[in-house]
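Contents: one structure, followed by commentary.
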Amino acid sequence: MLNKQPPPPPPQIELSVDSTIVQSDTNHNTILIIIKSLVFPVISRCHAGYFRITLSLCCQTLLWKTLKDPPENAHAYRRMLGVLPSTAFLLLWSLSLLILATLSILYILRCALFSDMVKSEYLNHIGVNYLFAPSISWLLLLQSAPFFTPKNIYYLLLWWVFVVPIFVLDVKIYGQWFTKGKRILSTVANPASQLSVVGNFVGARAAAMMGWKESAMVLFALGMIHYVVVFVTLYQRLSGNSCLPTMLRPVMFLFIAAPSMASLAWDSISGTFDFSSKMLFYLSLFLFVSLVTRPNLFKKSMKKFNVVWWAYSYPLTVLALASTEYAQEMKSSIAHLLMLLLSALSVMVSIVLMVYTALNTNTLLPPDETYNPTIVTLSPITISS
């Protein structure tokens, strides 16, 4: 018998896995998790109430532009303010633009990633009014823009971009006030409700500066009628209805903002600071004195820094803006002294708030009960070799 040769061994195939690919994917996904864990908590806490900061800064920018550009026949006190450096105005405008753009991007991401939280804001009788704040801030910044005039095509396009959201919210909110059971104005009215009418006045003023008087009249009429209704409702609200939490009492300064902005809007529409503008300005002064003489009302809300403190600055700045037009119309030393006093108070309050905010950045975004910053829910990440 012939000896059989053993079969040859099967061919050996070596498989080598490049560990650098797996390591690269792992590092990439680790970085992604870290970014999400840092960014998501900020987005979840950045509600529309933080636009109080931009309301104040953008309005302060508009005040500086108004003061540094006095008219030809201005009073001596007004010409004295014309020496304000243009560099300071440009820095303030740039800072306002940077903060407003940052907050806007964060809030757009909030709408995309945390739509339930945005819906909760809309359903809240106080939070819903601050949905107007982004558009109001952009309109104020647009009116103070140093790069183009109201006759510019970019001004026109941006006006439409910022006014359309205000009109859409008007239709939704004003309609709910008088048609929907639990959302009628008598049950949800609070001082923050005046912010919804301020948006119409700011849009009307911007339209009047473009020469669009009819569009300005539409927005002004819409805002004025609802302002009267809100104002009367707030005066006769039932004692059993809680107006505002103690922490939110600075929002009561919005009583000053609405008539002041209305007087500025009508001044731009009519072309002169006439009797209607003066009456609204006098009402603003009366409400200002009424609030300032009651410091105990705000004592508890001032114990700990909160972004709500910025509610003091915007109404004071709008009142100072109205005083500049009033002083120009009256041409008296007393009116100009009032303008200087209100303007100085507005600037001082804004600077103090900037300093407090810079010193308390760690508490600017407090933990949210509905979102734990230490436990970030992420979708499963699959690592393929």
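Residue 1 is the first one shown; counting continues down the chain.
Heads up, the Cβ atoms here are built off N, Cα and C, so glycines get one too.
Listed in TrEMBL:
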| type | residues | note |
| --- | --- | --- |
| TRANSMEM | 88-110 | transmembrane segment |
| TRANSMEM | 122-141 | transmembrane segment |
| TRANSMEM | 153-174 | transmembrane segment |
| TRANSMEM | 215-235 | transmembrane segment |
| TRANSMEM | 247-267 | transmembrane segment |
| TRANSMEM | 279-297 | transmembrane segment |
| TRANSMEM | 309-327 | transmembrane segment |
| TRANSMEM | 334-359 | transmembrane segment |
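Residues 128, 131-132, 134-136, 138-139, 142, 145, 196, 199-200, 203, 206-207, 210, 219, 222, 226 of the same chain lie 6+ residues outside the transmembrane segment (153-174) yet bring a C-beta within less than 8 angstroms of a C-beta in it. Among residues of the same chain six or more beyond the transmembrane segment (279-297), those with a C-beta under 8 A of the stretch's C-beta atoms are 249, 252-253, 255-256, 259-260, 262-263, 266, 273, 316, 319, 322-323, 326. Long-range contacts of the transmembrane segment (247-267) within its own chain (CB-CB distance under 8 A, at least 6 residues past either end) are made by residues 126, 190-192, 194-195, 197-198, 201-202, 204-205, 208, 216, 219-220, 223-224, 227, 231, 273-274, 276-278, 280-281, 283-284, 287-288, 291, 297-298, 300-301, 306, 308-309, 311-312, 314-316, 318-319, 321-322, 325. Sequence-distant contacts of the transmembrane segment (88-110) (same chain, six or more residues past either end, CB-CB distance under 8 Å): 42-44, 46-48, 50-51, 53-54, 57-58, 60-61, 64-65, 68, 117-118, 134, 137-138, 141, 144-146.
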